[in-house]
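Asks: One structure, as structure tokens, below. Some questions next.
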Amino acid sequence: MAITLNNGFKMPAVGLGVWRMEGKEIRDLIINAINIGYRHFDCAADYKNEAEVGEALAEAFSTGLVKREDLFITTKLWNSDHGHVVEACKDSLKKLRLDYLDLYLVHFPVATKHTGVGATASALDEDGVLEIDTTISLETTWHAMEELVSMGLVRSIGISNYDIFLTRDCLAYSKVKPAVNQIETHPYFQRDSLVKFCQKHGICVTAHTPLGGAAANSELFGSVSCLDDPVLKNLAEKYKKTVAQVVLCWGIQRNTVVIPKTSKLERLNENFQVFDFELTKEEMDLIKKVDRKHRTNQPAKFWGIDLYA
């Protein structure tokens, strides 16, 4: 199943996110994922593993496991490279061993102090607060992103972690419209207004934390996981599915793309088995009521400043 983007390219509705994946784990994960049926991989310069992903992809191509044109590969521009968009994209392509990207996203709507192309450091000042660069506008960054499309380096460009205000602005100043807005959204942080605004204006929404981060975000940020919710547990029992599968099905039925992360083969398989059942309208409405407006991904922990405040 795929969603057709506003430029005609198709994006698989389920992908695999590679945040917090390392070394040999990545190779096995990507090869296993391709064997299961995954054709969409979500990367980022800031994940610091593009080279390892590139090695795994090269192996998959060289052994005939899959063709490049059958995969949808996303990566992202880091905050410190807003003034070096073309160089940063080329650096990611080199590490990923690719000639083009299917999708390149502005990772966060903030430019920070440049630390070297592809270095993806988040420079902090003497008070431990993120060094924000106030000389580069998001409009300037976006026009540089548009150049990537003209150069043939990228098929689609998009935004990530943009709210309604910033998304509206991007629509106003863009020549090439953003194809995607990748945001945190899950049953405990549904963000219905933002999702509907994007979809109304032809922007596909990708859920980068579709399971609410589960145990990993609970440990890192002290957040609450929707996977323990009794309403979702009851639905899982009814359909003889895992809670995660119910949540992913809910995300797909909202017409969003979901990119769950896992390093476990069993979960990798489970997360892809979400097309053989469908939630009723009443069940979708029931899930709407469990929303807690609870953001689980909190970069303020690393940046010394809450950019969502």
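Backbone N, Cα and C define each Cβ position, glycine as well.
As annotated by TrEMBL, active site, proton donor applies to Y47. Marked as substrate binding site by TrEMBL: H107. Under the heading domain 'NADP-dependent oxidoreductase', TrEMBL lists 15-291. Residues or ranges marked as site 'Lowers pKa of active site Tyr' by TrEMBL: K76.
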Asks: Using a 10 Å cut-off, grab the number of neighbouring Cβ atoms around the Cβ of K76 (site 'Lowers pKa of active site Tyr'), all chains included.
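Replies: Its Cβ shell of radius 10 Å holds 28 other Cβ atoms.
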Asks: Between K76 (site 'Lowers pKa of active site Tyr') and Y47 (active site, proton donor), find the distance joining the two CA atoms and give it rounded to the nearest Å.
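Replies: Cα to Cα, K76 (site 'Lowers pKa of active site Tyr') and Y47 (active site, proton donor) are separated by 9 Å.
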